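Engineer: Annotated transmembrane segment per TrEMBL: A:6-23, A:30-47, A:67-87, A:99-123, A:143-167, A:179-201, A:221-243, in sequence order. The feature domain 'DUF6545' is assigned by TrEMBL to A:245-374.
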């Protein structure tokens, strides 16, 4: 049963870790995430493999090597998470790197000390461990164990607090869900808390032990669902990237006919000529359409044309949710048909009442106008148009 | 799939200003954005909207945004009465002038920017040169409105007023007519910032001004209300 749980957790963990690996060059934080995921996977895969432990001891002749390797990968993973979180608070790259070096200095010292003790057979959880969460060893070994488990617990607790705070401030639902999953996934830290709790009565026989027995099966697997949840949580916000890309493509396709006509009529609104990625191209399209409509709005005939367009859409008996967009589309089409000289003045204009005051709301509004424009705007034939 | 070919201006700016792009508030908040700019540049940065109708000459000249640098303050001015996405693009464009260092003397900058800002033989004062080259189409009335706006912001923040144009170190403006390399650079970075905010959320941007616009803008915003 425990092997099945471990295998079920490890498969998605490795997939996510390998998928994130190519992004390590993007920024120091990407690098740290990749380090955390890879060493976390190594640690989680290596820890429950007694056959591999025996093989390592056999080929190295060092009984403490499996423990040292397991502990080093664990500390590397958690210190990478720690550094990644701390860098989020740092203001610039220099500060970020300082924070990173300090974190890794602490982690490096911890790895060096515990590895030395383990490899010289002064510290080995396999020997000091006598029941789930319980250790009997010399006071020096118990202190080292306390420092090690304390560091793990500190990272688990601070990560839980960080992730929860970040989730509360995040606007994206995917990011929020991912961060909450990562916070929940830290329940694996309970094992460190339990070990720390029992270190005192274990080290000092006079003190009575705590009355909370711990199931050996539970202790063996408790970290794994937590790790898997954390990994899945980390992968969830990345799903937003293809979603945003898809939405940007869809909106761009809708907006393009209107954008192209405005650009052709008024090339002066073109702001960037070079190739842009889809998201930035959509922003460029909306910006240029705004600028062009600002120029069109200043054209003296625009007021009369817009009034006529509103009368036309009301007469056409269009559904209410299309009225504003159809009127704007008819106004733009009529104005473009006359291609007035707009080089003199500029005027402000704004969205209809139904548009939301944010970037997606603005894009939706422009897309609604563009949809009406592409579908064939209502023709305006009055004196205002003719003049 | 999501990668650009190398060596585009956009890509170059994305790399150079990765810290700004990474740390942009999500959801976006203009005050927190100014705090971020302050941290990154070491300067006191404020964003202040133009009131509807008060700086009408600037609006008529197509200036939707201004970056003004005085000895005490870096001011990002933007039309607070246009649609919110457009306000954001103005703020990002002006912020890009600041973080790209376009306010510097040409000798202090490298490459593309240095060529654009080459000293003009007809002007002697550095401020006038920058003003002339970046928003050259402005008349005297618009330029005096820039000084008025500067003083309004200085006063709001309890700082001494500027006596005139010569007290302003630099002015860059987002206009519809200037398409020099500096403007292209600011636009490209603004597009990158805009795309980040598109993918994130918007917490606050001048909500009171947005409401005022709805009340004041007339038929363009209340198309079905009887006039």
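Cβ atoms here come from the backbone N, Cα and C positions, even for glycine.
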Engineer: Tell me the residue counts in helix, strand and coil for the domain 'DUF6545' (A:245-374), as DSSP assigns them.
Structural biologist: 94 helix, 0 strand, 36 coil
Engineer: Considering only Cβ pairs under 8 Å, which range in A:6-23, A:143-167, A:179-201 makes the most contacts with the transmembrane segment (A:67-87)?
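Structural biologist: That would be A:143-167.
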Engineer: Out of A:6-23, A:99-123, A:221-243, which stretch has the largest tally of CB pairs under 8 angstroms to the transmembrane segment (A:179-201)?
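Structural biologist: By Cβ pairs under 8 Å, A:221-243 leads among A:6-23, A:99-123, A:221-243.
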Engineer: Grab the same-chain neighbours of the transmembrane segment (A:30-47) for me: Cβ-Cβ under 8 Å, and only residues 6 or more beyond its ends, written as numbers and ranges.
Structural biologist: 6, 9-10, 13-14, 16-17, 20-21, 23-24, 66, 69-70, 73-74, 76-78, 80-81, 83-84, 87, 100, 223-224, 227, 231, 234
Engineer: Tell me, roughly as an integer, the mean pLDDT over the domain 'DUF6545' (A:245-374).
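Structural biologist: Summarising the domain 'DUF6545' (A:245-374) by its mean pLDDT gives 83.
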